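Some notes on the structure that comes next.
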Ligand code: MG
Ligand code: MG
């Protein structure tokens with residue numbers, strides 16, 4: 001059952017999304033060669049608690065940490081560890097937090113130092129596919145319209161769209177209805193209505209779309225061990241249109257980058 005949010009609830013969720021957005025912005029300055037994912041995890045936990053929020057993943061389905069940290073061929077759900085990141089790695093950081101009873105859920109894939117141009121393009125295309133999908137999140141459209149748009153855009157670049165893991169509704173629960181696959185058919189699936197809040201999160205592989213699950217019960221990698229990228233925004237349907245609750249602004253501030261990519265999804269755009 002889809003739990004539609006009131007205007008007041010969406011304002012509360014904007015705060016939850018701000019917590020995770022600021023956390024990724026804080027981490028953007030810390031991601032570099034030699035740093036361990038466990039160190040970044042501890043920084044994030046402290047930072048989230050300082051904002052009167054609770055780490056959203058810690059203990060959820062028994063996940064042991066604050067962040068899902070998935071380097072290189074890991075798709076999602078990687079567990080932080082003591083292995084240092086090295087120059088040329090990519091690292092997907094997925095961050096969840098609960099504030100005032102509502103979840104924020106937000107992910108970005110960072111380059112560690114200099115990375116190959118081929119891998120940078122994978123990151124750029126995956127992030128662009130997120131916006132291609134968000135554009136379809138409007139009243140009158142259906143879940144399949146978002147999935148189709150992401151899949152079509154991604155596959156036109158020759159990349160693989162992960163099937164087994166999907167975006168989702170977001171609210172008092174981390175995973176609410178509807179599931180939001182990154183593949184699909186136009187005009188299929190549940191209809192979007194005013195007040196829905198969803199997490200859209202393309203997971204895109206440089207090679208095959210196929211994945212494998214590892215014996216720790218969490219880690220998921222690409223079947224061909226080629227890199228995978230992951231970007232995630234929290235989006236509400238307001239006045240019939242998609243409105244971003246999360247923002248990569250804090251990441252871009254850390255990098256000293258100007259970006260207008262989110263402008264079309266702001267309240268007064
Ligand atoms: Mg997430
Ligand atoms: Mg999510």
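Cβ atoms here come from the backbone N, Cα and C positions, even for glycine.
Keep in mind that what you see is a predicted model, and the values were worked out from it rather than measured.
Annotated features, as they stand in TrEMBL:
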{"type": "DOMAIN", "residues": "11-237", "note": "domain 'Peptidase M24'"}
{"type": "BINDING", "residues": "77, 175", "note": "substrate binding site"}
{"type": "BINDING", "residues": "94, 105, 232", "note": "divalent metal cation 1 binding site"}
{"type": "BINDING", "residues": "105, 168, 201, 232", "note": "divalent metal cation 2 binding site"}
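Taking the features listed in TrEMBL, we show where each one sits on the structure.
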residue : record                               : Cβ contacts under 8 Å, 6 or more apart
77      : substrate binding site               : 63, 68, 70, 94, 218, 219, 220
105     : divalent metal cation 1 binding site : 20, 56, 94, 95, 96, 170, 174, 199, 201, 232, 234
168     : divalent metal cation 2 binding site : 174, 175, 176, 177, 178, 179, 180, 198, 199
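Residue 94 (divalent metal cation 1 binding site) is surrounded by 24 other CB atoms, counting those within 10 A of its CB over all protein chains shown. Those residues of the chain, other than 94, 105, 232, with a C-beta within 8 angstroms of the mean position of the divalent metal cation 1 site C-beta atoms are 20, 68, 95, 96, 106, 107, 199, 201, 230. Selection of the binding-site residues 77, 105, 175 by a Cβ distance under 6 Å from ligand 2 yields, in sequence order, 105. Mapped onto three states, the DSSP output places residue 77 (substrate binding site) in coil. Mean predicted confidence for the domain 'Peptidase M24' (11-237): the pLDDT average there is 98.
Other residues of the same chain near the divalent metal cation 2 site, with their Cβ within 8 Å of the Cβ centroid of 105, 168, 201, 232, are 94, 106, 107, 167, 170, 180, 198, 199, 200, 233, 234.
Take the CB of residue 232 (divalent metal cation 1 binding site) and look out to 10 A: across all protein chains shown you find 25 other CB atoms. Checking the binding-site residues 77, 94, 105, 168, 175, 232 for a CB within less than 6 Å of any atom of ligand 1 leaves 94, 105, 232, listed in sequence order.
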